[in-house]
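Going by Swiss-Prot, these are the annotated features:
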- 52-82: domain '4Fe-4S ferredoxin-type 1' (DOMAIN)
- CYS62, CYS65, CYS68, CYS112: [4Fe-4S] cluster 1 binding site (BINDING)
- CYS72, CYS102, CYS105, CYS108: [4Fe-4S] cluster 2 binding site (BINDING)
- 93-122: domain '4Fe-4S ferredoxin-type 2' (DOMAIN)
Amino acid sequence: MKLDQAARGLFLTELVSGFFLAMRYFFKPKATLNYPFEKGPLSPRFRGEHALRRYPNGEERCIACKLCEAICPAQAITIEAGPRRNDGTRRTTRYDIDMVKCIYCGFCQEACPVDAIVEGPNFEFAAETREELYYDKEKLLANGDRWEREIARSIAMDAPYR
């Protein structure tokens, strides 16, 4: 028994086997991504930064029904509706989302009858102050304009499952 232990210690078999194990994993393809330069695929149902969408003619989609405000469990959405227009429709005068309160549940997107409020593909929207995470209507519309192509593609891919 002692001779066997001495032989293992002399030949450093454990060290050598550990070295070969490390070398085997060293030359295998990496399992991780180099994040800032490589990004993994996002699901069509990914819920990121909020955006307000427009119709192709440039008119905003939101009809001020306030369903998203009512269904929000975090009470992060505040909407004020303007007076009815001549054609009987309403538009919002104020649409604010407090992203600090938001839990990204997606209920607002599910409740919207005209797909006006959506959670887009952007997940890189860090801020230095809390005030930057208070989104007003202009910021939400700008997000919608910036991400419209990706948002439309995600909604089209998810449409059969709705």
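Using N, Cα and C of the backbone, Cβ positions are placed for all residues, glycine too.
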In three-state terms from DSSP, label CYS108 ([4Fe-4S] cluster 2 binding site) for me. helix
On a C-alpha basis, identify the one among CYS62, CYS65, CYS112 that is nearest to CYS72 ([4Fe-4S] cluster 2 binding site); the candidates are the binding-site residues. CYS112
With CYS62 ([4Fe-4S] cluster 1 binding site) as the reference Cα, tell me which of the binding-site residues CYS102, CYS105, CYS108 is the closest one. CYS108
Could you tell me the mean pLDDT the prediction assigns to the domain '4Fe-4S ferredoxin-type 2' (93-122)? 96
Can you tell which of the binding-site residues (CYS72, CYS105) has the fewest other C-beta atoms within 10 angstroms of its C-beta? CYS105
Give the nonlocal contacts of the domain '4Fe-4S ferredoxin-type 2' (93-122) in its own chain as ranges (CB under 8 Å, at least six residues past its ends). 42, 45-53, 60-63, 65, 67-68, 70-82, 130, 133-137, 140, 143-144, 147, 150-151, 154-155
Distance [Cα-Cα, Å, rounded] between CYS108 ([4Fe-4S] cluster 2 binding site) and CYS68 ([4Fe-4S] cluster 1 binding site): 4
Of CYS65, CYS102, CYS112 (the binding-site residues), the residue whose Cβ has the fewest other Cβ atoms within 10 Å: CYS65
Just the number: how many Å between the Cα atoms of CYS65 ([4Fe-4S] cluster 1 binding site) and CYS105 ([4Fe-4S] cluster 2 binding site)? 19
Taking the center of the Cβ atoms of CYS62, CYS65, CYS68, CYS112 at the recorded [4Fe-4S] cluster 1 site, which other residues in this chain have a Cβ no more than 8 Å from that point? ILE63, ALA64, LYS66, LEU67, GLU69, ILE79, CYS108, ALA111, PRO113, VAL114, ALA116, ILE117
Around the [4Fe-4S] cluster 2 site (CYS72, CYS102, CYS105, CYS108), what further same-chain residues have their C-beta within 8 angstroms of the site's C-beta centre? CYS68, ILE71, PRO73, ALA74, ALA76, ILE77, ILE97, ILE103, TYR104, GLY106, PHE107
How do the residues of the domain '4Fe-4S ferredoxin-type 1' (52-82) split into helix, strand and coil according to DSSP? 5 helix, 8 strand, 18 coil
Surrounding CB atoms that lie within 10 Å of the CB of CYS108 ([4Fe-4S] cluster 2 binding site), all protein chains: 23
